[in-house]
Amino acid sequence: MADFFQNGVITTLQNFRNRSLEELEYELELFSKRRNMVLLLPALYSEFEGPAMPKIIQELKDIRYLYKIVLSLDRATEEEFKKVKKIMSEINTEVKVIWHDGPRMQRLYRELEEAGFNVSIPGKGRSVWMSLGYILSDADAYAIALHDCDIVNYSRELPARLLYPVVHPALDFEFSKGYYARVTHKLYGRVTRIFYTPLIRALIRILGCNRFLVYLDSFRYALSGEFAFIRTLARGIRISPTWGLEVSMLSEVYQNTSFNRICQVEVMDTYEHKHQKLVKSTSEGLVKMASDIAKTLFRVLAHDGFVFSEAFFRTLLTTYLQEARYAIEKYNALSLINGLTYDRHAEIEAIEVFVDALKKAEKEFIEDPIGVPLMSAWVRVRAALPEISDKLIRAVEEDNSDD
């Protein structure tokens, strides 16, 4: 039986697999006559040397409903930037490559820094933020979809299903979040399965049915990097430069729109990308990600007026451990009935590492409750620097016109 269950406070749009991709894309082509759609692809140059990017480019060649594709390129030399431009020129849709390491973009980053905007931390968050600024400079762009560029089994169904809810004229969604299964011969998505979700549920047990926490618990894959939103929402969104990007994005959406305009969409059957090993260092990898996520949660809740004490954090640690143990029991049963490999010992070891990440997050939050500020919404940036949009357009155009 197809899954049609609606849980939580947002709408869930499952894939019943009874409709062809071609039919979906045909509708999107009709919608594109009135609502221009932009696809934003944050990428490192190294991803062009891996197995995922060639497949993504091949799939994008067949899309006809997109107004523009913006590739946000990080960690690339001039030669590598030129190589990427040539590769992306194979796509029929108009493509603009934003070279964040180039001298023109670096000048803009310095100008923003001098004006008091926090853009000093390089990474995906900053690149996405600057790329959004470029896209929003085009008044004809209506909806923006974003997905990562390390998806080995990529299908053009992903952007189609992400964009459909926010551009369909008979629907009223402003934000859609992608979800999928992270399954091969075993379950992946450890940070979501045995850290994020147990932590959210531990917080609910302690703080009660807080609307924000219930909202976060409604997402099937809150840490996915795939989402779409309309420009009027995007222009008021602040973005985190840290690993807390996805959680802070959901927080900003929560504050800037209403539940009935938020949905989650099943975009793929399964999702394969590069898997990170769980190292015990709290300053890198998945543990750093978990720590940043926890700090982001604490700060958002503190903004809502919650007071955190030493007793609260002691209770949270033990409650999280209990919720994580419940999760292990559930995923062990799920793996057994589906014939998957499930290493309970490795999962328990991962929880112990995540407890260290949680302790680190608590310590850093107490020492610095404000932490790394979110990068300002573009509506504020434009108010302070009225010419920034023109400068951004000029920098990208000149970079893309150079031989």
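Every residue gets a Cβ built from N, Cα and C, even glycine.
The following features are taken from Swiss-Prot:
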- Asp150, His273: divalent metal cation binding site (BINDING)
- Gly189, Arg190, Val191, Thr192: (2R)-3-phosphoglycerate binding site (BINDING)
Neighbouring C-beta atoms (10 Å sphere around the C-beta of Gly189 ((2R)-3-phosphoglycerate binding site)): 18
Asp150 (divalent metal cation binding site) and Arg190 ((2R)-3-phosphoglycerate binding site), distance between Cα atoms, whole Å: 18
Rounded inter-Cα distance in Å - Asp150 (divalent metal cation binding site), Gly189 ((2R)-3-phosphoglycerate binding site): 15
Surrounding CB atoms that lie within 10 Å of the CB of Asp150 (divalent metal cation binding site), all protein chains: 20
Extra residues within 8 Å (Cβ to Cβ centroid of Gly189, Arg190, Val191, Thr192), (2R)-3-phosphoglycerate: Arg182, Tyr188, Arg193, Ile194, Phe195, Tyr196, Leu223, Leu286
Neighbour count (Cβ, 10 Å) for Arg190 ((2R)-3-phosphoglycerate binding site): 22
Cβ neighbours of Val191 ((2R)-3-phosphoglycerate binding site) where a neighbour is any other Cβ within 10 Å: 21
Residues near Thr192 ((2R)-3-phosphoglycerate binding site) in space but at least six apart in sequence (CB under 8 A): Arg182, Tyr221, Ala222, Leu223
